[in-house]
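Asker: Input: one structure, supplied below.
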Amino acid sequence: MVFVKMTDVYLMIVMLMGLGFSIELSNGHKFYVGGRDGWVLTPSEDYSHWSHRNRFQVNDTLYFKYVKGKDSVLEVSEKEYNTCNTTHPLTSLSDGDSLFLLSRSDPFFFVSGNSGSCLKGQKLAVTVMSTGHHSHTPRHPSPSPSPSASPVRKALLSPAPIPVHKALSSPAPTPGVDPSHSEVLAPAPGPAAAVRNLAGSVAPGVISLGLVLVIMISSMV
């Protein structure tokens, strides 16, 4: 009987963790097109540059802010995007506060409802990555790490973290620290962090509940 109860509890933990993973994946990121400027003809950052430096994933949303009645957002095909043809949109948004769900891993193309504005550059193309990616890090390349930074992974796998000053001063090829990776030398993550690495990310509340149940089971044995 005790074995059956413990099995049920373990099954519940697995189900809760799976539920948390599903909830986390369904909560996409909200991107504000044009930033503070909104969906305008001349934003402070060019739309193509803004799109290039961001990573878009399935279930993310694009938020278009503009003056209702004076502009609109049209989702179009790639051909119509290139020619600024606004006569056959796939989707038309005109409420002034428009949200567009990126529901699949594909390229999406948007133009202003004013064809003249589109010809002047008010158009946006985004490419949505597959669900296998779980990061919204910018796409532009980061500065190349120094040769001494490459063994950081090895340092993480060692029983105890190597002091930063020793890693920098030692002439031997011991792990070093790049300024942009200063947080990597923190204490090795626990089981919950391992789950996040495998599954993308899991709701913290669900993990906490699972750990509490594990502790309760351990006290019963």
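Residue positions begin at 1 at the first shown residue.
Backbone N, Cα and C atoms are what each Cβ position is placed from, and that goes for glycine too.
Heads up, here are the entries from Swiss-Prot:
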- 1-21: signal peptide (SIGNAL)
- 29-130: domain 'Phytocyanin' (DOMAIN)
- Asn59: N-linked glycosylation site (CARBOHYD)
- Cys84-Cys118: disulfide bond (DISULFID)
- Asn85: N-linked glycosylation site (CARBOHYD)
- 130-185: region 'Disordered' (REGION)
- Asn197: GPI-anchor amidated asparagine (LIPID)
Asker: Taking DSSP states H, G and I as helix and E and B as strand, how many residues of the domain 'Phytocyanin' (29-130) are helix, strand and coil?
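Answerer: Its residues fall into 21 helix, 37 strand, 44 coil.
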Asker: Ranked by the number of other Cβ atoms within 10 Å of their own Cβ, which of the disulfide-bonded residues Cys84, Cys118 ranks first?
Answerer: Cys118
Asker: What is the pLDDT of the domain 'Phytocyanin' (29-130) when averaged and given as a whole number?
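Answerer: PLDDT averaged over the stretch: 96.
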Asker: Roughly how many angstrom lie between the C-alpha atoms of Asn59 (N-linked glycosylation site) and Cys118 (disulfide bond)?
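Answerer: Pair distance, Cα basis, whole Å: 26 Å.
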